[in-house]
Amino acid sequence: MLQEKELVKQKAKELLLDLLSIYTPSKSEANATKFFEKISKDLNLKLEILPDSNSFILGEGDILLASHVDTVYGYIEPKIENELIYGRGAVDAKGPLISMIIATWLLNEKGIKVRVSGLADEESTSIGAKELIAKNYNFKYIIVGEPSNATDIVVEYRGSIQLDIMCEGTPEHSSSAKNNLIVDISKKIIEVYKQPENYDKPSIVPTIIRAGESYNVTPAKLYLHLDIRYAINNKREDLIKEITDKFPECNLKIVDETPPVKVSINNPVVKSLARALLKQNIKPRLVKKAGTSDMNILQRITTNIATYGPGNSMLEHTTQEKISLDEIYIGVKTYMLAIEELWQKI
């Protein structure tokens, strides 16, 4: 057991430092092509590259371990200190991805066929997950790899609506203006704003506002973007109507939308992950997340799906991303034990 653990940790250190050294913000995933070509050869895993999104799939089989290769912007030089690995994506989600790759490799060596994907664009519009849907990929079971503290199993995510609002007004000289588009729309923003408070209450948050071209002229046009988050029990249509009614003089356009997801705690993937953790004397916790992930998209392939991964989720998108080799080992072991159980059901 000790020998296996040290093998996994050494391989994780090697692969994760290599992958962290490659800067892959959303839409730049092709930068990792040589990395995936090399590990495909070294680990004897068939490689498929999805052409529309530059997503990577390794291995074969009806079970998918799905993580993502893209990160948020801002490169962080990778380093290792006392078995802690630092770098952009160490937590979200190259650490979970490397855990999944190693698990896939070890399972493949045992004759258990499973696929692992480094999907593209999860941090933006999930074009990698959407390409799997568009091309009718079929999997019986899916585990999504996102940081969940190596103990938590995510069974629910909120949905999101990304809404552009374009408004027009009459430009006037600022010294004598009777109307001001910025002031008028600002009042409406305050009225429609819903601060993120708890999971079950929807949030409506302005994230971008642009208006005006001259110091002394009130704007003729104003652009506003709202980021809307809602749980599965909230009514999407009511949220859209509330905003539409508040901005009747403006043009509204949904530029991206991700549905909420909630899966049964009795589905086979959730159960297998829970048992895998218990076998390691780790108490599993079922949780719901306020954000979104590729699980929201991939639920269209199968409802036998859940999210789990190593890494402290509080460090996502921060400049302090770090993950321990022990966490990665727990992730590898959990994926392997869960899939060995699921494999028996196919």
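Placed from the backbone N, Cα and C atoms, the Cβ positions cover glycine too.
Listed in Swiss-Prot for this protein:
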ACT_SITE  D70  active site
ACT_SITE  E122  active site, proton acceptor
BINDING   H68, D92, E146  Zn(2+) 1 binding site
BINDING   D92, E123, H317  Zn(2+) 2 binding site
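Features as recorded by Swiss-Prot, highlighted on the structure.
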residue	record	DSSP class
H68	Zn(2+) 1 binding site	strand
D92	Zn(2+) 1 binding site	coil
E122	active site, proton acceptor	coil
E146	Zn(2+) 1 binding site	coil
H317	Zn(2+) 2 binding site	coil
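With H317 (Zn(2+) 2 binding site) as the anchor, the candidate recorded positions are H68, D70, D92, E122, E146, and the one with the nearest CA is D92. In sequence order, S67, D92, A93, P96, V154, S293, M295, T307, Y308, G309, S313 are the residues of the chain that are 6 or more apart from E146 (Zn(2+) 1 binding site) and have a CB within less than 8 Å of its CB.
Sequence-distant neighbours of the residue listed as 'active site, proton acceptor': residues of the same chain at least 6 apart with a C-beta under 8 Å from its C-beta are S26, H68, D70, A93, G128, A129, S293, D294.
For the binding-site residues shown (H68, H317), fewest C-beta neighbours within 10 angstroms: H317. Just so you know, the Cβ of the residue listed as 'active site' picks up 29 other Cβ atoms within 10 Å once every protein chain is counted. Contacts of E123 (Zn(2+) 2 binding site) defined by a Cβ separation under 8 A and a same-chain sequence distance of 6+ are given as P25, S26, H68, D70, T71, V72, D92, in order along the sequence.
Highlighted in sequence order, T71, V72, G89, A93, E316 have their Cβ within 8 Å of the centre of the Cβ atoms of D92, E123, H317, the residues recorded for Zn(2+) 2, and are not part of that set.
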